[in-house]
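Presented below is the structure to which this report refers.
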Amino acid sequence: MLTIVQEALTFDDVLLLPAYSTVLPKDVSLKTRLTRGIYLNIPLVSAAMDTVTESRMAIAMAQNGGIGILHKNMDIAAQAAEVRRVKKFEAGMVKDPITVSPETTVRELIAITSANNISGVPVVKDSKVVGIVTGRDTRFETNLEQPVSNIMTGQDRLVTVREGESKENIQALLQKHRIEKVLVVGESNELKGLITVTDFRKAESYPNSCKDDLGRLRVGAAVGTGADTPSRVEALVEAGVDVIVVDTAHGHSAGVIERVRWVKQNFPQVQVIGGNIATGDAALALLDAGADAVKVGIGPGSICTTRIVAGIGMPQISAIDSVASALKDQIPLIADGGIPFSGDMAKAIGAGASTIMVGSLLAGTEEAPGEVEFFQGRYYKAYRGMGSLGAMAGRTGSADRYFQDSKAGAEKLVPEGIEGRVPYKGPMGNIVHQMMGGLRSSMGYTGSAVIEDLRQNAKFVKITSAGMSESHVHDVTITKEAPNYRVG
């Protein structure tokens, strides 16, 4: 018997109604919850795709106030290294800096600094700071077998600060002594941390950046349900990851639910997101397993073919509403996929999402992985679904997401995505600016001062295809493309 559960709607089927407003777009707050314990300064998350998010994109996302989720289509060590790159890129204070002893040779020091991409190393003896050695000390040194004690800045010239010193005083000290690094010490001259002028400059350049309690940029990472997942999670947690995303095509499955439960039981300090799902029942199952947020979206992405190949899914607006209605604000939900315009972000939030995950919007940007290609007079970058043959073949991370065996050979894989190219878009910051500007406009139209106002108070109208045609540009030839509007 044919059972029709409900009529389902997506972004082009609805419009938000304007409301009385005293709110100006420039005055709204875009701060929102990613999970139970993590807040973002903008409601934007970059997708865990191998043509969208690696460390460079994750750094840029966090600097702009969002967060990037590192894809898992790489081995464990490589993914953990990507996490470390993000966490080490900026730090209010490096809590556990790499150190050397006075007896360490210059050759050994150079090897350490090269391997860890650092330029200044504290010199410690019996847990006490005795000096610091920087790139200036080693740059023209020819005797590589001598100890660093011969070339370091010793205690008599060493500039240090006590733990808890104000940012203003530290900046004044750096400027007064014309130095780029200062050591933080305790009452007995024991090393507490390292502060660099570079981190101050980064913080000033990106005042809206999303950081943890130690002043480091936040980053997430995707894992699956395969046999190597426990080792992968352990390595990611050790590297300092802020959030683990148990990322599969079908989040309402026993393996995903048990993996979410396992991560929360073994690493309770780490936030866990489960997905992808499209129903309220799935959301409640993941909530019961301990998920700190859920990810909603089966098949809405521009490169996803799940709805056609498997005949499975739910139009995204209805999926978001179904999950939000079931969760009743106990944990946040992330709307994942099908977002070509900033107005769709506003619709997703109005339907119940707290954050938006995007892939195609950020694919083709300078920060996205991959080389720029020249084709028929235009520049492009590759973009593919994680369910495409290219992503799954020979890479266990992506095949695992779709519950398939990459070792079976490409001819045995059943793809649920395609491979393609998108125009090169330049720096991602320009796109984020336009998308968040559109969201601000929507909040102004609806009288929403904060994201939660839009989530709770939005009202929709259902429209026809004629209504959507009327909404788009019509009866005119575009002569100059707008930065936030592209059709086709």
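Including glycine, each Cβ sits where the backbone N, Cα and C put it.
The feature active site, thioimidate intermediate is assigned by Swiss-Prot to Cys304, with sequence analysis given as support. In the three-state DSSP scheme, Cys304 (active site, thioimidate intermediate) is classed as strand.
The active site, proton acceptor annotation in Swiss-Prot covers Arg401 and is backed by sequence analysis.
Over all protein chains present, the Cβ of Ile298 (NAD(+) binding site) has 26 other Cβ atoms lying within 10 Å. Classification of Ile298 (NAD(+) binding site) by DSSP places it in coil, neither helical nor stranded. Taken from Swiss-Prot, the feature NAD(+) binding site covers Asp247, Gly297, Ile298, Gly299.
What Swiss-Prot lists as K(+) binding site is Gly299, Gly301, Cys304, Glu470, Ser471, His472. Gly301 (K(+) binding site) has a Cβ environment of 25 other Cβ atoms inside 10 Å.
Residues or ranges marked as IMP binding site in Swiss-Prot: Ser302, Asp336, Gly337, Gly338, Gly359, Ser360, Tyr383, Arg384, Gly385, Met386, Gly387, Glu416. The local packing around Gly385 (IMP binding site), expressed as other Cβ atoms within 10 Å of its Cβ over all shown chains, amounts to 27.
Within the model, the domain 'CBS 1' (93-148) carries an average pLDDT of 85. Positions annotated as domain 'CBS 1' by Swiss-Prot, on the basis of sequence analysis: 93-148.
If you look up Swiss-Prot, you'll see 152-210 marked as domain 'CBS 2'.
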- Query: Near Ser302 (IMP binding site), which residues of its own chain have a C-beta under 8 A away, given they sit six or more steps off in sequence?
  - Reply: Gly338, Pro340, Gly359, Ser360
- Message: As a quick check of your reading of DSSP, tell me how many residues in the domain 'CBS 1' (93-148) are helical, how many are strand and how many are coil.
- Response: 16 helix, 17 strand, 23 coil
- Where the distance is taken from Cα to Cα, which of the binding-site residues Asp247, Gly337, Tyr383, Gly385, Gly387 turns out closest to Gly301 (K(+) binding site)? Gly337
- Rank the binding-site residues Asp247, Glu470 by the number of other Cβ atoms within 10 Å of each Cβ and report the first-ranked residue. Asp247
- Query: Between Ser471 (K(+) binding site) and Ile298 (NAD(+) binding site), what is the CA-CA distance rounded to a whole number of Å?
  - Reply: 26
- Cα-nearest neighbour of Tyr383 (IMP binding site) within the listed binding-site residues, Asp247, Ile298, Gly299, His472: Gly299
